[in-house]
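Participant: My questions all concern the structure below.
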């Protein structure tokens, strides 16, 4: 077997396993099925998974956007960021998951080098915007409930500014590989594209880009989420102590605590695989690894287009009620009254 150190690869792909040929073009992920990387069962199973994520992710995020447009009461400035996240998720589902479904079915990157860059960029942009939207959601809730700025009123223009900020952050993280700082290449089983996590010591300066992503797109937003939600929980517990006789306040405090735990865990499930894999590659330069494992971070990230809307939208009683009406399903009167009551309770929380 010949190691990759002895094989010179083109700039548009790299295969991080030993190869038994000098003619790497014959194994190009843009030209031939990658049967040497895994059995057909693995490729077809991944194709089926990507199809499910494409259909479910597209449907749930389109429904979120359509529901917001139809029902005026959902067009609250505090819901702007949820719609912003739905748009970002829709980009990932419609470009990333759909193309992966096709490519895994053919067992190679049928889009070619240019299509790979486009798919990698759009999926990265949508993913980064969604990631920063989670941090903004935490920040907005901290700002509104904990009131660290006193009588500051969070208005529509502030919400729009926060949404715009997520796209600026997303572009800062997704544009560099297009202009020479890292690059977009086929990743994992070579049927999806993303930033080059694999190669080191070359003209693309991948190590510095990976560290930039780890700090700017993982450590910073995660710190924001942990800080804001910990402050929010502290405020709620203080309010619950002050209203110890109020069963509804105690119930609201428990529900919010449970939701915060779910939100933080969901963030970690989505982005820890990418972060840990990138750091492992940097600290184990030149080591080969199982490409099936390298495919996991991309799959988990694309799955977030489904489970994040479930957590942030479908578990929102107001959104859920409107979606039921939009789909012609009977709305539960108890649920509607519960929605109104929970909204009232939340509005009472926080320092006066």
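Residue 1 is the first one shown; counting continues down the chain.
Any Cβ shown, glycine's included, is placed from N, Cα and C.
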Participant: Is residue 319 placed by Swiss-Prot on the same side of the membrane that residue 188 is on?
Facilitator: no
Participant: Quick one: which of 20-39, 120-139 does Swiss-Prot have down as transmembrane segment?
Facilitator: 120-139
Participant: Cβ under 8 Å to the transmembrane segment (291-315), counting only same-chain residues 6 or more beyond its ends: which ones?
Facilitator: 16-17, 37-38, 42, 46, 49-50, 53, 56-57, 60-61, 64, 82, 85-86, 89-90, 92-93, 96-97, 100, 123, 127, 130, 134, 137, 187-190, 192, 194, 197, 259, 262-263, 266, 269-271, 273-274, 277, 323
Participant: Using Cα coordinates, what distance in whole Å links residue 116 (disulfide bond) and residue 206 (N-linked glycosylation site)?
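Facilitator: About 18 Å separate the Cα atoms of these two residues.
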Participant: Over the span of the topological domain 'Cytoplasmic' (140-158), count residues by DSSP class, listing helix, strand and coil in order.
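Facilitator: Within the topological domain 'Cytoplasmic' (140-158) the tally stands at 10 helix, 0 strand, 9 coil.
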Participant: Checking distant contacts: for the topological domain 'Extracellular' (106-119), what same-chain residues at least six beyond its ends satisfy Cβ-Cβ under 8 A?
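Facilitator: Contacts of the topological domain 'Extracellular' (106-119) (Cβ under 8 Å, skipping residues fewer than 6 from its ends): 12-13, 29-35, 40, 43, 95-96, 99, 177-178, 184-186, 190-193.
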